[in-house]
Amino acid sequence: MGKSLVIVESPAKAKTINKYLGKDFIVKSSVGHVRDLPTAGQTATPTGKAAAASTKKASTTDKEQQKREKERAALIKKMGVDPYHGWQANYQILPGKEKVVAELQKLAKDADSVYLATDLDREGEAIAWHLREIIGGDEKRYKRVVFNEITKNAIQQAFKQPGELNMDGVNAQQARRFMDRVVGFMVSPLLWKKVARGLSAGRVQSVAVKLLVEREREIKAFVPEEFWDINADTLTADKQDFRLLVAQKDGLAFKPVNETEALAAVAALNKAQYEVCKREDKPTTSKPSAPFITSTLQQAASTRLGYGVKKTMMLAQRLYEAGYITYMRTDSTNLSAEAVENLRGYITKHYGEAYLPSQPNVYGSKQNAQEAHEAIRPSDVTVTADDLEGMEADAHKLYALIWNQFVACQMTPAQYDSTTVSVKAAEYTLKAKGRILKFDGWTRVQRPLGKNEDQILPPVKVGDSLKLVSLDPKQHFTKPPARYTEAALVKELEKRGIGRPSTYASIISTIQDRGYVKVDQRRFFAEKMGEIVTDRLDENFDDLMNYDFTARMEEKLDQIAEGEVNWTAVLDEFFADFSRDLETAEQDESLGGMKPNHIVMTNILCPTCSRPMGIRTASTGVFLGCSGYGLPPKERCKTTINLGDEEGVINVLEEDVETAALRAKKRCPICETAMDAYLIDDKRKLHVCGNNPNCEGFIVEEGEFKVKGYEGPTVECDKCGSDMVLKNGRFGKYMGCTNDACKNTRKILKNGEVAPPKEEPVHFPELPCENSDAYFVLRDGASGLFFAASNFPKSRETRAPLVEELKRFAERLPEKYQYLTSAPAHDPDGLPAVVRFSRKEKEHYVRTETEGKPSGWMAVYQEGKWLVTDKRKNAK
């Protein structure tokens, strides 16, 4: 009898499982996904000449139709899924996974059975299905095993009762993937065309950004209002301090709205007699919270440990794969009977009978909990954070948090004696509240969060007199709505039914990566371009951007997973409505199409041509652009002025600071929204309405404004020898020459280093472009050497240079690229060698290609010579 192959996603999980299976099993990892939709278009677009030949005899209408069909075919090829023909998918092995797949195929060929032991959620089910599809062979050999925890007992039980692939779960994952793919690939080009290049849209991510944009606007529209509170410090008959808050006047809530009202109350209270009129003592209890699900773990880790969502899930994944906790992507608060029984025994032994409720505490889960297995808990309650092996310190802290929550959830309530004392002083009523802990219950294990009410009040009784010591009036201002933290945003998404446990972390990560929002001191701030894109999508894709619609779509995905509805029918219904909205959005604005990026004109004159300048918003920020930019080329003015943010950083973690910042901002003269301030120069400050470009309000303030002096690094300019200093423009930080006549710039690389000097483009008039009348110039970019049209950006045609072309014009090449002229120009079959660039190795190499794909023949330059590797199938 041969061995069985077990496939999991990660090497760490494979290592843990391998400990619990015998010598008859080989445990291997797929290292995550092995197959997915294509990462980029795989076929070249026909050249201009070929396209022209194919439509030469066609009518104008036919040409338009052929053009649309060609564009649609190219889009489908790029997306890898065809929504027009039954959602056929073109799955491909992920780059770099070829060796992993080959090894799994080889091992599976010799195995009696193949156990697919990927995670138990839809993503894990999909990975298992892809593995079965690419390995192939008799489907009867494949067995599906799922487990909620990686313990010896759980693994052995799972392998005793293997099941089959859950294709409903696979189809639910595919449906989500396909919808997200269609929205991203079909809406993003529309945003490039209508708003600005480099923008993107996502089915769920755009809705999450909308939440942040709406909160940003609530904050900007908020007008802080003044109010006062008054505390009275008194003494009891036995000289005990007793502080009370003025709560009522004539039986109604009292909250002075200005200093005059507050001081009038102080004057009256100074003359009054203070007498206790009511005392209420009652027992209260505090029950423990449910064990963690994905969202509550993320929130607690943020609040208690300061961890971001991504970090929390990464650490939880490691704890799970090491066998320390149960599966971390769940929205169920259920606990297994065995886990509860073990925990109750642990509580009795270590804390005593008083901490154990007569019956286990039961917590409700939301309806249709997707991963309805168990809450997140320790695999073994007897293992504490101090017992973990091979885990980093942050993982120890997260485990302790999970352990504490799990143990606390099955303990008795905390018991308090709560007291409220009311004191009469003239027409005013003052109050004080206190609470005394009588029995700690669950709080012995998990410290409660929130306002600390545990204070002992003096033993006063009704009729007792108090002596006034002093009155303490304090001014306050109402606060705007709180900014979302990562954890608060997850909580809001969960409340609205948007996303699922397996998607929260990716949603949070994606919205930050796209540049529509930024995180400062763990709070989200919506960027201006995020507001514009949200508005445009909201106007043209009302279903897509509707919170309830997105939540209903999540419910439909749940129904697909349960086998209640046909997955392609759900996709067809979604695509029919979506494509209708897309078709309208692509029209001209006058026909209901998406509005272009609006420019707000100002009275600031262009320093170059004296035309008015307008406030423009690009994906890189807000700037001033000359109104002459839209004129014909000969008259066009491309002058722009970067707008630097006003000096000063708001610490939003400090109480009332954001309120103070709002009060300091100017209000828009049109809509009264708080305005954003930018320094134009040391003489002018531009205040722009927070609703720009929807509102055209702006104010130019003139005066003397201090522009912070330069204190950063300098490098020598490669053009004129002057100093280059660090500058901040709308495209981010860069080095700029201090010589105004030079205007040379250099990029700052991601690692913080200054990019090497740019090589001047090398002109090749002998090499005409195929799609325009221009010729090619050789440019040096982040992806190495490439040919680009000489009339860029009018023509954006590019291609890789051939070695034989560089040899032919070797005298024009810069010295540092002369080595490329010694490369082999052809492979043994006579195919021309193309110059390519490896981002990983940061060096050029040459290879031959067949229909845009590597042939297997390549050469790299090492130690002064070219080394050839030939992996072609027919290579001799």
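Cβ atoms are placed via backbone N, Cα and C, with glycine included.
Going by Swiss-Prot, these are the annotated features:
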- GLU9, ASP119: Mg(2+) binding site (BINDING)
- 38-58: compositional bias 'Low complexity' (COMPBIAS)
- 59-69: compositional bias 'Basic and acidic residues' (COMPBIAS)
- 37-69: region 'Disordered' (REGION)
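The Cβ neighbour count for ASP119 (Mg(2+) binding site), using a 10 Å radius over every protein chain in view, is 25. Around GLU9 (Mg(2+) binding site), the same-chain residues six or more apart in sequence whose CB sits under 8 Å from its CB are SER29, SER30, VAL31, GLY32, THR118, ASP119, GLY124, ILE127, listed in sequence order. GLU9 (Mg(2+) binding site) falls outside any helix or strand according to DSSP and counts as coil. With DSSP states grouped into helix (H, G, I), strand (E, B) and coil, the compositional bias 'Basic and acidic residues' (59-69) comes out at 10 helix, 0 strand, 1 coil.
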